[in-house]
Amino acid sequence: MRGNLALVGVLISLAFLSLLPSGHPQPAGDDACSVQILVPGLKGDAGEKGDKGAPGRPGRVGPTGEKGDMGDKGQKGSVGRHGKIGPIGSKGEKGDSGDIGPPGPNGEPGLPCECSQLRKAIGEMDNQVSQLTSELKFIKNAVAGVRETESKIYLLVKEEKRYADAQLSCQGRGGTLSMPKDEAANGLMAAYLAQAGLARVFIGINDLEKEGAFVYSDHSPMRTFNKWRSGEPNNAYDEEDCVEMVASGGWNDVACHTTMYFMCEFDKENM
């Protein structure tokens with residue numbers, strides 16, 4: 001404010017000096033010009049508030065503000081369009097069987113059967129099967145050198161082996177050392193041995209686990225049936241834990257490390 005008053009004072013002084021006559025007066029004429037000096041007045045009072053101006057230009061984009069809180073969950077939208085069909089999935093596990101359905105209607109009657117011709121054909125086939133069975137049995141006995149019953153097949157192996165090796169050989173063929181558990185089986189084995197012209201063979205009886213407690217090669221215990229020869233078993237030299245059969249059908253206990261022929265036994269059900 002003081003600066004403005006000082007400026008006004010200077011301007012007034014200059015204006016006053018300009019009005020004084022100069023040292024060389026000039027004649028007044030028609031061409032004379034008058035000089036006017038405008039001196040600013042004092043600052044007036046504040047005017048009335050003007051009208052609202054036009055909107056200014058948009059300012060610069062400000063910095064990104066902080067992330068606001070999550071808003072409320074919106075309403076469920078409408079169902080969208082169906083997407084593309086996806087790839088075929090892997091095959092699932094087999095489900096449980098369903099309930100048995102109701103019986104179906106009876107079928108139409110079949111054609112009349114010519115039973116007499118069929119019976120005749122079946123009878124002829126039965127005869128052929130019986131003949132083939134007999135021929136096969138003969139081939140087994142004559143060529144293969146085996147003997148058989150309704151449930152067993154016996155094979156005489158002409159290879160000298162110790163008892164343990166003989167048992168392994170029979171097992172490798174799918175059987176075991178022969179086990180005469182009754183009179184019929186013992187008689188068949190003895191006849192087989194005699195017809196082959198052999199004096200003795202290993203059979204599937206031993207007391208390797210417990211002295212004097214003889215068992216068959218399938219580990220079943222001996223019961224009432226036996227064919228021990230007179231004075232047997234005697235466990236001579238305290239080493240006779242295995243059993244042989246002689247051509248007469250009798251049994252002797254012998255040393256297991258002795259080598260001789262042996263007889264194998266096979267179940268027909270497992271053949």
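Including glycine, each Cβ sits where the backbone N, Cα and C put it.
Under DSSP, Asn252 (carbohydrate binding site) is assigned to a strand (E or B) in the three-state scheme. Remark: Asn252 (carbohydrate binding site) has Arg200, Trp228, Arg229, Glu232, Pro233, Val243, Glu244, Val246 as non-local neighbours, by Cβ distance under 8 Å and separation of at least 6 in sequence. Per Swiss-Prot, carbohydrate binding site is recorded for Arg200, Glu240, Glu244, Asn252, Asp253, Val254, and the stated evidence type is experimental evidence.
For Asp207, Glu211, Asn235, Glu240, Asp241, the entry in Swiss-Prot reads Ca(2+) 1 binding site. When secondary structure is read from DSSP and collapsed to three states, Asp207 (Ca(2+) 1 binding site) falls in the coil class. Within the same chain, residues at least six positions away from Asp207 (Ca(2+) 1 binding site) with a Cβ under 8 Å of its Cβ are Ala213, Phe214, Val215, Pro233, Asp241, Asp253.
Look at Swiss-Prot and you will find Glu211, Asp238, Asp241 tagged as Ca(2+) 3 binding site.
Annotation source Swiss-Prot lists Ca(2+) 2 binding site at Glu232, Asn234, Glu240, Asn252, Asp253. Sequence-distant neighbours of Glu240 (carbohydrate binding site): residues of the same chain at least 6 apart with a C-beta under 8 Å from its C-beta are Pro233, Asn234, Asp253, Val254, Ala255. Annotation note: Glu240 (carbohydrate binding site) sits in a coil segment as assigned by DSSP.
Per Swiss-Prot, coiled coil is recorded for 114-148.
For 45-54 (among others), the entry in Swiss-Prot reads compositional bias 'Basic and acidic residues'.
According to Swiss-Prot, the compositional bias 'Basic and acidic residues' annotation covers 66-75 (among others). Counting residues 6+ beyond its ends, the compositional bias 'Basic and acidic residues' (66-75) has no Cβ neighbours under 8 Å in the same chain.
The feature disulfide bond is assigned by Swiss-Prot to Cys170-Cys264 (among others). DSSP assigns Cys264 (disulfide bond) to a strand segment in the three-state reduction.
Sequence annotations record features per position, and here Swiss-Prot assigns disulfide bond to Cys242-Cys256 (among others) based on experimental evidence. Cβ neighbour count for Cys256 (disulfide bond): 18 (other Cβ atoms within 10 Å of its Cβ, all protein chains included).
According to DSSP, the secondary structure content of the domain 'Collagen-like' (65-112) in residues is 0 helix, 0 strand, 48 coil. What Swiss-Prot records for 65-112 is domain 'Collagen-like'.
Here Swiss-Prot flags 149-265 as domain 'C-type lectin', drawing on sequence analysis.
Annotation source Swiss-Prot lists region 'Disordered' at 44-113.
Per Swiss-Prot, the feature signal peptide maps to 1-25; the stated evidence is sequence analysis.
Its own atom aside, the Cβ of Asp238 (Ca(2+) 3 binding site) has 7 Cβ atoms within 10 angstroms in the protein chains shown. Look at the binding-site residues Glu211, Glu232, Glu244, Asp253 and count other Cβ atoms within 10 Å of each Cβ; Glu211 has the fewest.
Secondary structure of the compositional bias 'Basic and acidic residues' (45-54) per DSSP (helix as H, G, I; strand as E, B; remaining residues coil): 0 helix, 0 strand, 10 coil. Taking only the Cα positions, the spacing between Cys170 (disulfide bond) and Glu211 (Ca(2+) 1 binding site) is 24 angstrom. Within 8 Å of the Cβ centroid of the carbohydrate site, not counting the listed residues Arg200, Glu240, Glu244, Asn252, Asp253, Val254, the chain contributes Glu232, Cys242, Val243, Trp251, Ala255, Thr258.
Comparing CA positions across the recorded positions Glu211, Cys256, Cys264, the one lying closest to Asp238 (Ca(2+) 3 binding site) turns out to be Glu211.
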